[in-house]
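Taken from Swiss-Prot, the feature domain 'TGS' covers 1-61. For 243-534, the entry in Swiss-Prot reads region 'Catalytic', with the evidence type sequence analysis. For CYS334, HIS385, HIS511, the entry in Swiss-Prot reads Zn(2+) binding site.
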Amino acid sequence: MPVITLPDGSQRHYDHPVSPMDVALDIGPGLAKATIAGRVNGELVDASDLIENDATLAIITAKDEEGLEIIRHSCAHLLGHAIKQLWPHTKMAIGPVVDNGFYYDVDLDRTLTQEDVEALEKRMHELAEKNYDVIKKKVSWHDARETFVKRGETYKVAILDENIAHDDKPGLYHHEEYVDMCRGPHVPNMRFCHHFKLMKTAGAYWRGDSNNKMLQRIYGTAWADKKALNAYLQRLEEAAKRDHRKIGKQLDLYHMQEEAPGMVFWHNDGWTIFRELEVFVRSKLKEYQYQEVKGPFMMGRVLWEKTGHWDNYKDAMFTTSSENREYCIKPMNCPGHVQIFNQGLKSYRDLPLRMAEFGSCHRNEPSGALHGLMRVRGFTQDDAHIFCTEEQIRDEVNACIRMVYDMYSTFGFEKIVVKLSTRPDKRIGSDEMWDRAEADLAVALEENNIPFEYQLGEGAFYGPKIEFTLYDCLDRAWQCGTVQLDFSLPSRLSASYVGEDNERKVPVMIHRAILGSMERFIGILTEEFAGFFPTWLAPVQVVVMNITDSQSEYVNELTQKLQNAGIRVKADLRNEKIGFKIREHTLRRVPYMLVCGDKEVEAGKVAVRTRRGKDLGSLDVNDVIEKLQQEIRSRSLQQLEE
């Protein structure tokens, strides 16, 4: 009979099989009331599943990450329950958990309107408030199939026929009269599923195949309590205000159009931000001793066949042909950098060789996945490749890590999650080589006092990697930086150097990206700063305004002086009220507005206002210029007097 070992090491002995709920009740009624599921010997199970042998058990509640995921999954079933009550002929497809919520794909003979979604959410609340028990039954494959055939659930029957073995025992979850099929676990009672909201609908092909029927996908979010739900909805509201597509249009930064899907038309102000970002990256390349190179954006298919990209990546590559030769527009820069490395004989004394490029890359992303600057087809990578010996890996990775944190801190990103991906089952190279490579990456992180987690088996076949994911002000994750070891590509492309022993050796290649796609990073910054770019990045840093025509000459002189000082400045001499001008440039997020009236002209000063509405008073022109230059030069995130 089972001996149950709890997380604190204590044990409970039973003379009969028990469920996680039984054990929770044994511990106390409070825990039993909070119990959502159990983790038995490391595996999630339903609260009602019986434990027959000795086992470790952790009780899962809404405070656990797994508990929240189970709540979300059960809310998908709740959605199914509600939609079948409102529209009984609906056929249910799949309803998985996604980030922050869930969705369900349904086959319905009507297009859901906003009113329909509201009615559906209302019915879900009515059902959840009944606090009914969710009953799980393990049945044979044949019984499960018969159940769904009788109910006309053709998609569930297809899942059974195509994805579930005949000797398996599927779990059927009964929500009163509604039955769904799932591996589980699910909540034992609907009292856990009160805090949700349906968000939107979209089209989705069955099994993601455009040859199949288009279904309707209903998205929802669910949380453990009302406070968490409201906080999430507030974050979404704030995110909508910060949407880089909306701000990009408002500030006239860029546009996209149907004739070039996923390609950016940069306007003057947006391109100014892009170039300033390039200047910043170049300054860091110089500081960390990189060469900057430029490779062709298109190379022959033969080269991509050698690298292995053609076999594994051709669907994402744009191709063209000329004079009976096929060419590929590059999706990445690395093969071109190896070609540059291969020019001329290299010695161990030439290593490490650090090569960087603002590479113009193109990938044939599905049109439905394109999203403003965040997901494009044409983009600029800020990546670099370091050619080094095995002995130099640790020092080079160390320098890459320092560079990553150095650059991210400039933009105020402080929360960075780091993951180390280790060897997959299918890989090249010896175990000894992988042992050393993984150890080098881990030690480099440890030497920089950076906490990290392992992603076992998630490395590429050609080497382990470090991933850097930064979190923005809304706590959204953006995976940008990568340090990837590569033991394959240099060999495939015949890269070599002469070692100390006078023998030819293959260099290790380190792929290093920090911002990733420049376009995407500008999108991230636009949302992070809500368009209030720090002064050094702002397209227009200062606007000088007159109150009446009598100050026009002074405004022009001051504008020229600011330009000569290297400040991006515009003069606004329009015959408009000063309040109108200030409001307009505030909406354009211009960091500083310098107002010139008769008093300022007479005193040789200028009245300074910030875009946040702060009046800094009347200041000496030279002092203002000096302070602005210092703010810009230091790439400060703070404005004057903040």
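The chain as shown is numbered from 1 upward.
From the backbone N, Cα and C atoms, a Cβ is placed for every residue, glycine too.
Quantities reported herein were computed from a predicted structural model and do not represent experimental measurements.
Location within the structure of each feature annotated in Swiss-Prot.
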{"residue": "CYS334", "record": "Zn(2+) binding site", "DSSP class": "helix"}
{"residue": "HIS385", "record": "Zn(2+) binding site", "DSSP class": "strand"}
{"residue": "HIS511", "record": "Zn(2+) binding site", "DSSP class": "strand"}
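Comparing Cβ neighbour counts within 10 Å across the binding-site residues HIS385, HIS511, the minimum falls on HIS511.
According to DSSP, the domain 'TGS' (1-61) comprises 14 helix, 22 strand, 25 coil. Sequence-ordered, the extra residues of this chain that approach the Zn(2+) site, with Cβ no more than 8 Å from the Cβ center of CYS334, HIS385, HIS511, are MET332, ASN333, HIS337, ASP383, ALA384, GLN484, ASP486, LEU489, MET509, ILE510, ARG512. Around CYS334 (Zn(2+) binding site), the C-beta neighbours below 8 angstroms that are at least 6 residues distant in the chain are THR307, ASP383, HIS385, ASP486, LEU489, MET509, HIS511.
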